[in-house]
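**Q** Let me begin by handing over the structure; questions about it come next.
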Amino acid sequence: MSEKNFYITTPIYYPSGKLHIGSAYTTIACDVLARYKRLMGYDVFYLTGLDEHGQKIQQKAEEAGITPQAYVDGMAVGVKELWQLLDISYDKFIRTTDDYHEKVVAQVFERLLAQDDIYLGEYSGWYSVSDEEFFTESQLAEVFRDEAGNVTGGIAPSGHEVEWVSEESYFLRLSKYQDRLVEFFKAHPEFITPDGRLNEMLRNFIEPGLEDLAVSRTTFTWGVPVPSNPKHVVYVWIDALLNYATALGYAQDEHGNFDKFWNGTVFHMVGKDILRFHSIYWPILLMMLDVKLPDRLIAHGWFVMKDGKMSKSKGNVVYPEMLVERYGLDPLRYYLMRNLPVGSDGTFTPEDYVGRINYELANDLGNLLNRTVSMINKYFDGQIPAYVEGVTEFDHVLAEVAEQSIADFHTHMEAVDYPRALEAVWTLISRTNKYIDETAPWVLAKDEALRDQLASVMSHLAASIRVVAHLIEPFMMETSRAVLTQLGLEEVSSLENLSLADFPADVTVVAKGTPIFPRLNMEEEIAYIKEQMEGNKPAVEKEWNPDEVELKLNKDEIKFEDFDKVEIRVAEVKEVSKVEGSDKLLQFRLDAGDGEDRQILSGIAKYYPNEQELVGKKVQIVANLKPRKMMKKYVSQGMILSAEHDGKLTLLTVDPAVPNGSVIG
């Protein structure tokens, strides 16, 4: 298996805000490839993670009144929860604040400094905090000038404002490696997918002459300090790019994964906006370290809206959580992979999203499965007849289309062309639906002399749907399993040597099939998605006049002296369990910072069926509530605060960095 080691990475995401479907696309796309390669017999290592250093993170933390570490800790929890929701099968989640990564970054910096690939100089230029990138005046999308014509600022290509920065900095000698990089590109034209982007890098960035790259900063502290000059922190691109190597154990005692997977096939997938850093800075950094370069760099386009890029101010941002909660996971995975052509941007519209669910998933695939299961139950008491080739005049055509679809699917998957891979699957689905119309099994069933033909039709239908279920497994795992379950077949374990004729004997379908994709009301669901998108738009604030505010209260007003009697503290959940004899109560053991753990009973069991998810959370409690006896044998020493809205209840938690026992007031 050593020759079939495969390493796939997402970019590490910058945790400065909530991730939308653009980031979800990249992560799902890598997940699809990882799952496909596993099913093709590869030993796969799939990496994703977060780029947690930098000035923007430091500023966000200061705005929130917490430490940068506490800020990124909280963001990491949210990102991991999103990847769990999207069923991402990553093998490791790296954070650039991980100790092992920071140590290697510092070591590499000093090594490059010692071999004169890094030198100390001074940088002056326009800098975008949001992009973590420097720009020349000619690179700015818009330039601001004063009345005398002097440049006073500008806008980066990303749309973010820039500021003038002048500071001492270390530089990476990119110029020294320019010729070697050009030679590598010429020898490996397949290095960047899609075709054309490699020439774009040569034409726009390399041929005009590579400038040495600033790789340290002194104006903020949230980063990896340079050991020999700690007033400098290592700037984003050395720190961030090295994650692909450090995650596998590069320059560490435990380096088995690096030896194994870096010497296998290495694929990086990134958005087109960060292609330059991955196609120029990263290869040169690896050349400096005398490390093999990756095999493929896949730079995909963006999901845009009818009115341009996603923007909260436009009210057109789409978050994956909303789509999954409303329509399930598989429609989202299918839509994103089907709708972004290689080398181009894709457009998201609510109309197209709902339409693809109804027409391609519910009609094409769902109805095919329902009709097949229903007919096998009706004509053969649920027993799928043995597969026999060529009984009807249409069997050969279906078999040929199936074999061609399988071959095309593999070709497009190897090229990471997901829209065409799925198109190959839907070609088979369409042909199978047509096969039903051509063979007319309801007519065959009326003539006992045509029983063999009817049996062949049923077995060919089941065999074709089985092939479809196998091919969609990397994209839509739940759907694949649901289809195979209704056919009475086992889950997919391999895509190698898949064939229509390779159908198991003695298989019984379920007694009654269920729709795998219920049809949606187009008008209602389109309106729902638009409403959710509009809800993501920041509210326009009107001028606030406190004298005009009318307070809306559920209870009578109290005096400040009354409220001041209540002591609210931060407490950490140490243990939680269901209370025997009650379907409402949970029993908590909490550390409220006063030296001894306390017990509180709370009637929230129905809102937290998996109560263990609360362990480790920091909650707010009323600490000086008089203890009371409950269920005859328990004493509850306080109250845990929660919020209720629309029948849903959520415990009020605080940032993990806040110490136990902290008083809230």
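Positions of Cβ are set from backbone N, Cα and C atoms, glycine also.
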**Q** In Swiss-Prot, which of the ranges 99-103, 309-313, 344-348, 389-393 has the motif ''KMSKS' region' annotation?
**A** 309-313
**Q** Of 13-23, 222-232, 431-441, 530-540, which span is tagged motif ''HIGH' region' by Swiss-Prot?
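**A** In Swiss-Prot, residues 13-23 carry the label motif ''HIGH' region'.
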**Q** Give me the mean pLDDT over the motif ''HIGH' region' (13-23), rounded to a whole number.
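**A** Per the prediction, mean pLDDT sits at 87 for the motif ''HIGH' region' (13-23).
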